[in-house]
Structure formats: C-alpha cells, structure tokens
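According to TrEMBL, the protein has these features:
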{"type": "DOMAIN", "residues": "B:132-416", "note": "domain 'NADH:quinone oxidoreductase/Mrp antiporter transmembrane'"}
{"type": "TRANSMEM", "residues": "B:6-25", "note": "transmembrane segment"}
{"type": "TRANSMEM", "residues": "B:37-59", "note": "transmembrane segment"}
{"type": "TRANSMEM", "residues": "B:79-97", "note": "transmembrane segment"}
{"type": "TRANSMEM", "residues": "B:109-130", "note": "transmembrane segment"}
{"type": "TRANSMEM", "residues": "B:136-156", "note": "transmembrane segment"}
{"type": "TRANSMEM", "residues": "B:168-189", "note": "transmembrane segment"}
{"type": "TRANSMEM", "residues": "B:209-230", "note": "transmembrane segment"}
{"type": "TRANSMEM", "residues": "B:274-295", "note": "transmembrane segment"}
{"type": "TRANSMEM", "residues": "B:302-320", "note": "transmembrane segment"}
{"type": "TRANSMEM", "residues": "B:326-350", "note": "transmembrane segment"}
{"type": "TRANSMEM", "residues": "B:362-388", "note": "transmembrane segment"}
{"type": "TRANSMEM", "residues": "B:451-474", "note": "transmembrane segment"}
Amino acid sequence: MTPTLILAIAGGVLIAAGVYLLLERSLMRILAGVMLAGNGINLLFLVSSGPAGTAPIVGEDPEAIADPLPQAMVLTAIVISLATSAFLLAMSYRSFQLEGHDEVADDVEDAIVRRRAEADLSSEAYVDTSSDSDSESGGRADSELGGRPERETGSRAEDEEAR
Amino acid sequence: MDFANLVPIPVLLPLLAAGITLILARHPAWQRVVSGTTLALVAVFALILCLAADAQGPIVLWVGAWPEGLGIVLVADRLSSLMVLVSSIVTAIVVIFPSRRDVSDSADGAPVSVFHPTFLVLTAGVSNAFLAGDLFNLFVGFEILLFSSYVLIMLGATRERVRAGSTYVVVSVLSSLLFLLALSIVYGATGTVSFAQLPERLAALDPGMQLTIQLLLLVVFGIKAAVFPLQAWLPDSYPTAPASVTAVFAGLLTKVGVFAIIRLQTLLFPDSPLTDLLLVVAILTMLLGILGALAQGEIKRLLSFTLVSHIGYMLLGIALGTEAGLGGSIFYIVHHILVQTALFIVVGLIERVGGSTSLARLGGLAAVPLLAVLYLLPALNLGGIPPFSGFLGKVALMDAALATETPLALIAVIAGVATSLLTLIAVIRVWQRAFWQDRGEDDDRVHSLRVLPRIWVVAASALVGITVLLTVIAGPLTDFAYRAAVDIQDGAYTTAVEEALP
C-alpha cells in the first residue's frame, strides 16, 4: 500500500491548527479547533484506506478497490463531530447568555484553597480544638454570609482578600 | 445453553427504555418506574452473563453474523461481565434518587424530563464500552457515555454548572480526538481494530511504533481514568453536578477508563508492561490526589480528590503485570465503584439534611444517627479499616506488589499505606466537622431524616449494605477476580473470539 503524502501533510497541518485553537479560552475558538483537528484526523483515516482514485465497491477486483472500513469509521467520526459541534455551540451560547462572554472561567473553590495557602492559613477542613475564637482555622466566621452558594463562595473570596 | 444472544442486552435494553422514557416525558413517576425496572432487569441479565462467562469461558457475539469477521463483535468475558454487573447494580440503585426537586434544584424550569433518557443512554454507553470487542466500538461506547455525561453534568445549565461543565466537555472532547487519532494510526499500521487480531499484528510492528501507539492510548485512557498528571479536570467538574449524577460519574466513568487500561496493557501489549512508568504514575496519583483532598473544605470536592487518589491503587495492580496484581486491581475496582458511589449518595443526603456540603457550614449532624452510620461505614471502608473490603483490596494489592520484589514496587507499597492513612484522616475530618462540631448560634435548622423521601433512605441503606456485604462475599469475589486475571493472561479472549467467527 502506498500512502498519499498530500493527505498526510494536510491532516497534520489541520491538526496543528486545531491544537493551536484548542489552547484558547474562548469556547468558539475551541469549537473551531475541535472541528479542524477532527477533520485532520479524518484525513489520516483516508490515508490508511489505500491509494487515491479507487472506490470501495464490492464485486470489483479486490486489489483495485479502496479499503471500505476506514470510510465507515470516518462516517461515524463525522456524525460524532457534528454532535460535538452542536453541543459546544449550545454550551458557548449558554455561557454567553449567563456571563456575557464565552470564556471558560477558573474554579472558584480552587482559588479559595490557593489563596489560603498563599496567606499561610490552615486548610478549611482543619479543626483547631485549642481556640474556638480563631476564625481562620474553623471558618465558622463565614457562616453569617447568606445567599446562593456561588455568591457565597464569591463573597468569601472577597472576604479573604480584605484580610 | 447458548448465551451469546444475551450479550447485547445490557446495551439494547437501556437504549430502548431511553426511548420509552422520552415518550413519557410528562409523567416523571412513570419515567422512574420504567428506568428503575429496566436497570434492575439489566442487572439480572448481567448476573446470568457473569455466571455463564465463569462457567463456559468468554461469550462472544458477532453482531449481524457478517462473514470473515467484518462486523462488530461483543465479548463478555469474566472481567467485562463482572464490570457490567457491578455497574448495573449501581445505576439501578442510583436512578431512584433524582426527584423533580433534585434535578431542577437551583434552576427554575429546568428540563427534568431529559434526566431519565440521558441516564439510560449513559448506562448503555458504559455497557457498550465494557462489552466492546474492538477498539472502534470501545470508542463509540466512550462517545455514547460522554455525550450523556455532558448533558447530565450541566443539567439545568446554571452558571456554576456551565463553568464546571465547560472544562469537563473540552477535556473529554480532546481525549476523544486523541482516541480517534490513535485509532487511525492503529488501523493504518495494522489494518484491523479487533482486540482479537491486534495483539499478533501489533507485535509484528516496529518497536518504536508499538510504543507510540501504546503511549497514545495510555494518555487517552489516562484522561478518562483521571490518572496523574491528567487528573486536574476531575475535582473541578464533578462536584457541581447534582448529587446522584456525581455519584454515578465518580463510581463508573473513571472505572471505564481503568478497564480500558487493563484491556490495553494485558490484551494488546502483554509483552510491554511499562511497569516502571506506570508504577511511578500510580504512586504520584495516590499521593497527590490524597494531599489535594486534605486541603479541601467542601465534602464533594474532598471526595473527588480521594477518587483520583484511589485510581492510583488500581493502576498499581495493573502496572505490576502479574496475575496477582491484576486480580487485586479487579477486586479493588468492584469495591471502589460501590463505595465511592455510596459515599457520594450519602453526601447528597447530607446536603439535603444539613443544607450544605461545606464543612464550615455543617455541624451537629450526629443528631441523625442513621445518617451518621450511613456515612461512617463507607468512609471507614474507603480508608481501609478491617474488616471492610477496602482493607482486603489494599492487602491484596500490597501482597502482589511485595511479591515482585523490586525497589519501586516497595516504594509503591509504602505510598499505598500512606495514602490509606491519609484517606482515613480526610474522611474522619468530615466525620468530626459535619457530625460532631457545634453548630453556629444563628443556625436554627432542625436536622431530621424527614426532609428526605423514605425511598432515598432505603436505597442509600441498600447501597451501603452492599458495600458491607462485599466483605462477606470477598472470598468468592476474589477467586472470581483471580480467575478473570488468569483468563486474561492465558489468551482465552482471542481463542473464544476466533472460535465464534461465523
């Protein structure tokens, strides 16, 4: 079997461009990256289906037809990438609705843990039995803050910053 | 008796039921009945498959009986039928939990009706991944379960869930792309994707090419299984989903990745175990995961980190490449699926009773003794306290590691013991803070199990009961796990698939 060099190179370029876009934070660019990389990989499948110009038709000389299996796999992959694109589009639109942009944000809880570590405080899970008034170790001081969970964590983060 | 036609049932039945529950979208109560019965039925069939695979060897079905092995093949050997059995038990119990309020909590008008169909498709995907007899079908199984998990993790599409879900979706899509890339390379190099034909053809390849394929697939499955350094997405995305969804994700989805690693390491590359690399990765996964857990102040996140950490144990057994190690791993997977799911379900109950999952806001839950018992039993089990199955599983793995007598395996044993102790510290902290700490003066909540539907308490007790029962059936289960490991090592899989060729 002679692989087609052009297809392999085109696939590689598409995947490289896709990877570059995947490194972005904006969901739309990630979507573009996924589609490019996905199509690049589909081209690589075609590379393995044999030389160009032959069709996978049963009844011809087995030596003269292309391997049908990669084409079947590519079809499945195309259907899956269609669904992926649709879902990513919906997700990015929902993110735009909620936030006004479609960039993936950082983890809030993670930021709290990190800030505690930078400020050299003990972990929230740590129980200091010696002094109950030490609000840093217990975290009980936070409990007067009300509201929805995500707002709470946000205001707690600000609270920590104020200290 | 010929059991071959039973093999596709764990995939087909949930898919059929998914359609029915979609029709019943306006009748949530009926939806629950349909999905509950279906999953219970699947569990029964899985049990039959499991016993049959144990008695007769791997059961193979060439779907559609296409000539010359062109079609899709489904294989239920001891390992995969055991996995299907455990997963169907877990899903059958968990599907009881989501009520209208739970699924749509914190979002008005959330589409409750999609929960049951999606959940059923998820179980079909998990079963398909376990039963798949070729790499491409494994990929399709992964995609089925991933797509349903995208929907489930963002149920209600609140701000927090969309944020966490975005990370999850992007990471999963990336791993799917890598899997597809690996598939194209495998097919280009060998001309087949069948598990039965691949070992022989892969062995004939250039060693460099073999290693490339193996490492690429390891990265793909490593992302799914949340193995260090590919684990960062998990503690970020799992905790925000509804409790019952998180429970199933934590219990099952990562184990599908571990299962795929077992298939990869034992079936496709039996001669290249990469023991040193995998042992180092296993040690780092165990230690870094549990150190992350100790820093958390939120129970679901804490448990997510312990989940990452305990994946390290399963990897340890696989890395050793011996029958004992593999058997230990299989036992540990079964134990961990059940225990981790039970813990997350109980945390869901804690959230409902105590009003939060943040350790800073919980306290005094010991006033509800049943809830305390339901938490403490799986928690101690996870920490590896005898006589629970966590202890037995860890001992089996340590034994296997010590038997290989390499320095790295010894370090892995030390890391394993340390992780076990640190896990205990992490879960006992939750126990102290959530159950015994004084509550704040302004907190006038009355803790009572009455806020929970009675069926939740019954189902959670049943799940915890099963985790305790694992100790009782540990003997037969361990024997089964070792027979599964022997099966894998002596090539029963390949022989059975070739014999069944239409």
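Any Cβ shown, glycine's included, is placed from N, Cα and C.
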Under an 8 Å Cβ to Cβ limit, what residues of the same chain, 6 or more beyond the ends of the transmembrane segment (B:79-97), are close to it? 10, 32, 35-36, 39-40, 42-43, 46-47, 49-50, 52-53, 59, 116, 119, 122-123, 126-127, 130-131, 243-244, 247-248, 251-252, 255, 259, 262, 330, 333-334, 337-338, 341, 345, 348, 455-456, 459, 462-463, 466, 480-481, 484, 487-488
Considering only Cβ pairs within less than 8 angstroms, which of the stretches B:6-25, B:37-59, B:209-230, B:326-350, B:451-474 has the most against the transmembrane segment (B:362-388)? B:326-350
Leading stretch by Cβ pairs under 8 Å, where the reference is the transmembrane segment (B:209-230) and the options are B:109-130, B:136-156, B:274-295, B:451-474: B:274-295
Can at least 3 Cβ pairs under 8 A be found between the transmembrane segment (B:6-25) and the transmembrane segment (B:109-130), with each pair 6 or more apart in sequence? yes
Surrounding residues of the transmembrane segment (B:109-130) on its own chain - C-beta under 8 Å, 6+ positions past either end: 10-12, 14-15, 17-19, 21-22, 25-26, 28, 31-32, 34-35, 38-39, 42, 80, 83-84, 87-88, 91, 95, 98, 100, 103, 137-138, 140-149, 151-152, 155-157, 248, 252-253, 256, 259-260
